[in-house]
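> Just passing along the structure, written as structure tokens.
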């Protein structure tokens, strides 16, 4: 079982984005997490498809693009053309989530669905056959640096159990508050892709990435679901 790290560039140095991404991926980070915010679905504004297109030239790692936007239908084509490897749409955003997932997959891009902390895990279950990944937000989306919401642990376990029961080929990602001191428990609960922002890009990036991979081993050793 491979647990993957997806550093969130929201916490990187935007003046040296390509440099910070290279340091993280050279140290072993498997994915690059790109938070797209529109100022409507969440109160913050970040980046759009042109930055994803530029990042595509800067790295050959998986671009894990999380759309925190009100109207994904309006922008899916842009992010597909920009070179996204995974596009994640919010269950809570406008439009038909299932049709959005089908469109992403039809374009040859991996499709993912994400839920906010207060959204029940069960809404994901009928969508799992159409997802290559699901994402559970473990903080309220919109800003980096928040603390992990402990109540989300049961949600991770529930989604992992549903994936295992049905044999779905679907990764389970968490985003929010992952640190070196809690990630082993998050992995043990069922997550196999960990988004981390300030815990990666704050301080020694390479050392932080290596630290996460060490705690991934601890979590995997405790994880009943991985046996």
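Cβ coordinates are placed from backbone N, Cα and C, and glycine is handled just like the others.
Grabbed the feature section from TrEMBL, which reads as follows:
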ACT_SITE  35  active site, proton acceptor
ACT_SITE  175  active site, proton donor
BINDING   8, 66, 142, 143, 144, 145, 175, 176, 177, 197, 198  substrate binding site
BINDING   33, 35, 66, 175  divalent metal cation binding site
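What does the local environment look like for each feature on the list?
Sequence-distant neighbours of residue 35 (active site, proton acceptor) (same chain, 6+ residues apart, CB-CB distance under 8 A): 8, 9, 10, 46, 47, 66, 68.
In the three-state DSSP assignment, the secondary structure recorded for residue 175 (active site, proton donor) is strand.
Following the DSSP three-state reduction, the secondary structure of residue 66 (divalent metal cation binding site) is strand.
The number of other Cβ atoms within 10 Å of the Cβ belonging to residue 175 (active site, proton donor), over all protein chains shown, comes to 25.
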> Given the binding-site residues 142, 177, which one has the fewest other C-beta atoms within 10 angstroms of its C-beta?
142
> Tell me which residues of the chain lie with their Cβ under 8 angstroms from that of residue 33 (divalent metal cation binding site), as long as they are six or more apart in sequence?
6, 7, 8, 9, 10, 64, 66, 175, 195, 197
> In the same chain, which residues outside the set 33, 35, 66, 175 have their CB within 8 A of the centroid of the CB atoms that define the divalent metal cation site?
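Those within range, site residues removed, are 6, 8, 10, 34, 64, 68, 88, 135, 195.
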